[in-house]
Each structure stands twice: as C-alpha cells, then as structure tokens.
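Colleague: Heads up, here are the entries from TrEMBL:
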- 61-164: domain 'Amino acid permease/ SLC12A' (DOMAIN)
- 64-83: transmembrane segment (TRANSMEM)
- 89-109: transmembrane segment (TRANSMEM)
C-alpha cells in the first residue's frame, strides 16, 4: 500500500473526502500532534526529536559495551566444565565457530543500521524487512532474554560463593533473596 493510498484510507475513516485536503497535506494534523506532544515532553524541539536516532555514543563507548557484553559470567563459569570435558582445542574451536557466526550476524545488522537508521532496536528491523509478527516475536524474545539475565547472574553468584565456601551457611540468605526478587 502506498502512502497516498494510506492517506486516502485515513480520510475515508475520518468521514472526510480526499478533496477536503490535498493528498500529502498533513500539516494541520502534524501541527496539532506536535503541540499536544510538546505539552507532554516540555518543548516543541523535544517533541519533534522524539523517535529519531540520537548519535551521541563515541567509538570508545561502543567498544566498551561490546567488551562488557562479551566478557561475562557465562565465559568464566561455563568455560571450566567445557575445558574439563572436551579440552582446550575443542573449546577454542567451538568459540571460533560461534564467533564467526555472531560476527556475520553483527555485520548484517551493522549494514542495515547504516543503510536505514531506524529509531528502535532489532525488532524494528525484523518488522520492516520480514514481517510485523516476526518483529513482535523478536521484541518479546529480547524482553525475556533481558529479564532472565538477572536470574542467571544470581545463579552465577551462588555458584561462586559455593566454590569458595563449601559450608551451607549462605543458603538461607540466598533463598530469601531469591524469594524477594521473584515476588517483586
């Protein structure tokens, strides 16, 4: 559906005819929306800038975000068992294969973000290039991934504490903390 067809459909829903307004002339609607949004955001400039990409991160910020995402608890806690079961060559091979796949995916995402910088995250690209339903599903998967990260970090903390101190004196406080985090 083209933009003109969409605008004609909107006029039909509103009970107006396309001859009342020229197709593409949405200045009154935009002006009213901007003034209404300015009351919410505090100024017209903030309301107009809402939803647009702000390029305030420098190269060093992005590098440290990538480094922090790469070196995590999964690397330190998961690699020990893999070393014990498979050996260093298998671990290196597994990380290399996974790294190549992730590198290719990130290159594709970088190309899409450079070609068309959308205000939003990865679900916006899935919705635009594939299907809105896929974008919706990817958004919920991202939310679930982010929300379950806290649980993984708590489990990792319990494993580390248990490694250093084999006594069971830390179990009741950790169970209380887990209950409180689960309830809230």
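Heads up, the Cβ atoms here are built off N, Cα and C, so glycines get one too.
Just so you know, TrEMBL annotations are computer predictions that nobody has curated.
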Colleague: Could you give me three numbers for the domain 'Amino acid permease/ SLC12A' (61-164), the DSSP helix, strand and coil residue counts?
Modeller: 93 helix, 0 strand, 11 coil
Colleague: Using a Cβ cut-off of under 8 Å, list the residues of the same chain at least 6 residues beyond the transmembrane segment (64-83) that approach it.
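Modeller: Answer is 90-91, 94, 152-153, 156, 159-160.
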Colleague: Taking the domain 'Amino acid permease/ SLC12A' (61-164) alone, what is its mean pLDDT?
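Modeller: Overall, the domain 'Amino acid permease/ SLC12A' (61-164) comes to a mean pLDDT of 85.
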